[in-house]
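A.B. asks: Before we start, here is the structure in question, set down as structure tokens.
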4 protein chains.
Amino acid sequence: MSGNSIGQNFVVTTFGESHGVALGCIIDGCPPGLELTEADMQHDLDRRRPGTSRYTTARREPDEVRILSGVFEGKTTGTSIGLIIENTDQRSQDYSNIKDLFRPGHADYTYQQKYGLRDYRGGGRSSARETAMRVAAGAVAKKYLKAVHGIEIYGFLSQLGPIEAEHIDREQIEQNAFFFPDASKLEALDEYMRELKKSGDSIGAKVSVIATNVPVGLGEPVFDRLDADIAHALMGINAVKGVEIGDGFAVVTQKGSEHRDLMSPEGFASNHAGGVLGGISSGQPIVAHMALKPTSSISIPGESMTVQGNTAEVVTKGRHDPCVGIRAVPIAEAMLAIVLMDHLLRHRAQNQHVHSETPVLGMRS
Amino acid sequence: MSGNSIGQNFVVTTFGESHGVALGCIIDGCPPGLELTEADMQHDLDRRRPGTSRYTTARREPDEVRILSGVFEGKTTGTSIGLIIENTDQRSQDYSNIKDLFRPGHADYTYQQKYGLRDYRGGGRSSARETAMRVAAGAVAKKYLKAVHGIEIYGFLSQLGPIEAEHIDREQIEQNAFFFPDASKLEALDEYMRELKKSGDSIGAKVSVIATNVPVGLGEPVFDRLDADIAHALMGINAVKGVEIGDGFAVVTQKGSEHRDLMSPEGFASNHAGGVLGGISSGQPIVAHMALKPTSSISIPGESMTVQGNTAEVVTKGRHDPCVGIRAVPIAEAMLAIVLMDHLLRHRAQNQHVHSETPVLGMRS
Amino acid sequence: MSGNSIGQNFVVTTFGESHGVALGCIIDGCPPGLELTEADMQHDLDRRRPGTSRYTTARREPDEVRILSGVFEGKTTGTSIGLIIENTDQRSQDYSNIKDLFRPGHADYTYQQKYGLRDYRGGGRSSARETAMRVAAGAVAKKYLKAVHGIEIYGFLSQLGPIEAEHIDREQIEQNAFFFPDASKLEALDEYMRELKKSGDSIGAKVSVIATNVPVGLGEPVFDRLDADIAHALMGINAVKGVEIGDGFAVVTQKGSEHRDLMSPEGFASNHAGGVLGGISSGQPIVAHMALKPTSSISIPGESMTVQGNTAEVVTKGRHDPCVGIRAVPIAEAMLAIVLMDHLLRHRAQNQHVHSETPVLGMRS
Amino acid sequence: MSGNSIGQNFVVTTFGESHGVALGCIIDGCPPGLELTEADMQHDLDRRRPGTSRYTTARREPDEVRILSGVFEGKTTGTSIGLIIENTDQRSQDYSNIKDLFRPGHADYTYQQKYGLRDYRGGGRSSARETAMRVAAGAVAKKYLKAVHGIEIYGFLSQLGPIEAEHIDREQIEQNAFFFPDASKLEALDEYMRELKKSGDSIGAKVSVIATNVPVGLGEPVFDRLDADIAHALMGINAVKGVEIGDGFAVVTQKGSEHRDLMSPEGFASNHAGGVLGGISSGQPIVAHMALKPTSSISIPGESMTVQGNTAEVVTKGRHDPCVGIRAVPIAEAMLAIVLMDHLLRHRAQNQHVHSETPVLGMRS
């Protein structure tokens, strides 16, 4: 299987470029009988959509998804689900000036060298616009996980440049344009972003994503551990440079007596592990974090090269997010949902008749 | 494909438990004509082997690998390579006391719940002993990458608890039992480990792994990006809780003008990206880091539970590494080698006749 | 990977039902730089299209394919190619009478039992209409195979009921509505089909497909032999009940001295093997045959059952091919092309630098 | 995934050459809790083993399988199962004379050209000896299918050259060295084989394999239909040139009114379909046939070529089966078992909660 698919039993395959005719995807393996309409996907697509606030790109796409197959009389049929989003606001002319230019920090150079040619319009296939289809597919997974297992998935911006969330108030997340869970920092964020836009620069961010009510047992030893597949899915999001499960890099300075999550019939005493032990979900909440680099699409001139190999200076104009981490929140949720869905089905395949007499633990209250 | 395989065109599948008869693996897709003997794998196996220093487990295994197939008259034939390592120092009796006990921070509980039963001897399939076969398979990949492309892969311990390497002296790495690149800190490390062993506790670590001379173009958009597959491979190593590419989590507070690697016909000016742009290798060195948790096998008592659901106290006796990060260095190298090998073959499949007229860049000197 | 994909390095994934909004597919792994337009696919789509002769269904679909991604300025970019065909002549009302009915010999019953519900309109996903996308994807493979290796693929109807082709005149194939290579039997065919339609019955057929100029070396031992993958691809076409490579079932009564294809520096003396030895292409023409059952959609009443489990009588009305074998010719070509394309890329992945000093053999003239 | 694996959720990967150190395989995805010992596999291995009658090769191999992992205290653990059979009767010297020679009808030429080198000893990886591991893995699948679903799988020799079974007496199959179900023809078979051996020639055969009690619903539309995967698995057996499901090639001359299996609440009236409708099992017995070519290893001289490209004459000496079809019976059973097992798990993954209200049909008595 080539690189545009993810999953083994719940398989999502995408196509589409930033400025092509349309984006699309095929979901293969969705269980039959799930009630599904376009509206189930549109909510998350709208959360990811550009042009919704002054902190994100001004490109305006309705990002309207259509179900082309796999749903009959309002329910999934078990056959492959085809989805499409037409590109409407393409403005290809914006990009003609970078036809022969490699933007530093972008995929322009690597695509050109890998394939010998590239769709230079808006980054082509390397554009984050491609993630719209992931969000749509993730919404299908989310709906199933919620409906059948009560699994809930939510993400938030845990840090933007120097501004870190200190309190995680889940209610707050959807109340602001940053998906930020700490209301006390919103003013500072707003101020920071205004200054940033003025300077023409961009900033990195950290996004967290959490799944609750995940049953114990998901994850396949030894290579397709649940945490390994989460790492694959999150690191595969544009601009991501780091992934953590549970305490992540903080474990480097932890001692064993401090890190291990003690357990008793009353449940786990802590969740340093982030919900995964030995690559298998433990029933604790799954906790993952990812670091997103500052976009290289900035208006500050930078040294670069032309396709022909000559020196050039690049200034990115046009419509770009000063912090790509913000809109990455629904993408991270979608990717986590896809991974959990796939592992749920993989687990079922092998372990349908498994009964353990050991009681299932939760977190201690 | 179930979870015991990794790769698409260079596929490694492993079997074996800590205290079973043997460990083994099959390498499927190795190009024909590569000179290969057991000695090519033994060097790295010896580097990973337990019992080589007082800082690692006292379990003594010769870890002698045998080639069972796929090599004829000293060369790979292109058919599947079967490898085996027999377990010789098993001491199953050491583990009888944990038969009905879940060790906190281990996979005992999750395996029991996933499968309804588990091989409790030394962790069974969840033991890091399984990684011996990864090291063997990785050595085959390493040899090919070096022979055909001059690619070199090396790893080191970049941090152990509070002690961080400040200078990376590649020559130093293999001169000490820690794979530590900074000779000025060796005494401090030794001191720290002695105290740690005395306390019966364990400590986390950070391991770095680097590949040089990687050709531009490896990595498959969009899900199987090179960095995503590296994250999958490294997060799939026992005890790993975080993975970074290039600057990793440091990007959260970086600005775009600071992070982007400027380029010119003379080469790249920096390598914040860690050798991957848009999920495709850029020709810069691949740089990855991983965080390893402190092992939960410590002699400090901890609250836990029995298989039957009763409260219990756990004290891990036996032979355990106080810092599993140390021996993870050759494992990280092996996993990076396997990923690069797989992507090299995947790239060849699709792009055999690609010619870009753009000059290939290196790092500026 | 679930069941709607075929291939490992050249992966085709399809979606769409007979009476849904649209059919579509994603081709993942197509090499970059191939000139490609809709016209390249339309020719084969027109050959498969219903309504082109009085021997096939009267359903009229333009079957106009659109490229949605993966092609830029007339060339493939190496990224995933999205294709779509909108359904225009759906007439869902034709099928309301079979909503609660299982047609004998159809997939109605098995889909209902597998999924608990089914899209009953025109067979839904089980309809041969789905093969339109295979033909489109196959045309891309065909074009590449021809352009880069000079490989030619052609199919024909070798038998329809009792009427068998005795001479294979390749020129003749495209001159008649049957894809029949023996002009001397055309009148008999026409006569037979007229009688058949009058009787309301249907008839089986045998289709042959041949590839020439296939390089030696394609096919992966041991499970993914070239012939095994051809069998998989052809048996996966609707209504196919048998597949042969080379002499096929005739080998049952052959002796070894008769079957083996002698070889000398002048080439192979015969091609009983059908171009595959040990699962690997030999350089001889690939020759495969498939048997297609008579469609069960006939107007002769038959005993059946309702979804609720009651006895019922079925009479299929509407627009159906009396011999589905005829239109299966371009489908067989497409599937063979997809398999060869995939194996070409798989072979390249592993064997890019292979040089055998043995001369390459052809067929003796 | 490269070519030495079969299956998606129940994955079997093999290694080993005819005259290498050992054969082995890994089974990944076997459900936990299945009681399993070497004896469960040995029975079928003995049925396939050479040297058991005067009609098969005189090579004597005990073919003793050992379980190396994945089984603990007599039960499968859900982790990967490693199996090994050591080669003991290798007699490599027998083959030195064919080192530089291509045997017509063998894989010698294609392996040499594909890989640039080959293990010439006894055919290396292309030898049917490799199928021993398939039989071992198939026995695991067989045991599970029988234990959990009551599925039974049995094969037989339905034709050897001109001698065809007219009555299928299942009891008879294991009573003779031919796996032949028609006792009235045993004398003729014996006579035929004696003459054949005298002449130094070989003969083709047809093998049938049947599975009963298969639940309705197995098979994944559209490419991985159950029949397509059976075709893949059977065509992947050495020497197979044709595969049929149900009536197979006889459908070419059948009419729709004759072929369709009528159904009613009492069950199916016939089984022309061979148990598969629309690629999904119908609950009727699965019926498949395969044609095996006469082995090219015969003592009648034949024109051939050397590795260097010179004319040569080949006479195969040594120990060879005059009819490879006989020993293919347990191999066909194994492959069918592996395919059914894989599809059972795939079906479970997606359809765990499916309930159809339609009654399940059997065959009418």
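Including glycine, each Cβ sits where the backbone N, Cα and C put it.
As the structure is a computational prediction, the values presented were derived from the model and not from experiment.
So Swiss-Prot lists these for the protein:
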BINDING   A:R48, A:R54  NADP(+) binding site
BINDING   A:R125, A:S126, A:S127, A:N238, A:A239, A:G278, A:K293, A:P294, A:T295, A:S296, A:S297, A:R319  FMN binding site
REGION    A:41-60  region 'Disordered'
A.B. asks: To the nearest Å, how far is the Cα of A:S297 (FMN binding site) from the Cα of A:R48 (NADP(+) binding site)?
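C.D. replies: Cα to Cα, A:S297 (FMN binding site) and A:R48 (NADP(+) binding site) are separated by 19 Å.
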A.B. asks: Between the Cα atoms of A:R48 (NADP(+) binding site) and A:S127 (FMN binding site), what distance do you get, rounded to the nearest Å?
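C.D. replies: With distance taken Cα to Cα, A:S127 (FMN binding site) is 14 Å from A:R48 (NADP(+) binding site).
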A.B. asks: Looking at the binding-site residues A:R125, A:T295, A:S297, which ones have a CB within reach of chain C, meaning under 8 Å Cβ to CB?
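C.D. replies: Near chain C, the qualifying binding-site residues are A:R125.
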A.B. asks: Could you tell me which of these binding-site residues, A:R48, A:R125, has the greatest number of Cβ atoms within 10 Å of its own Cβ?
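C.D. replies: Selected residue: A:R125.
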A.B. asks: Same-chain residues six or more away whose CB lies under 8 A from the CB of A:K293 (FMN binding site)?
C.D. replies: A:G105, A:G204, A:A239, A:V240, A:K241
A.B. asks: Out of A:S127, A:T295, A:S297, give me whichever of these binding-site residues has the highest number of other Cβ atoms within 10 Å.
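C.D. replies: Output for this query is A:T295.
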A.B. asks: Helix, strand or coil: which one is A:S127 (FMN binding site) in, per DSSP?
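C.D. replies: The three-state answer is coil.
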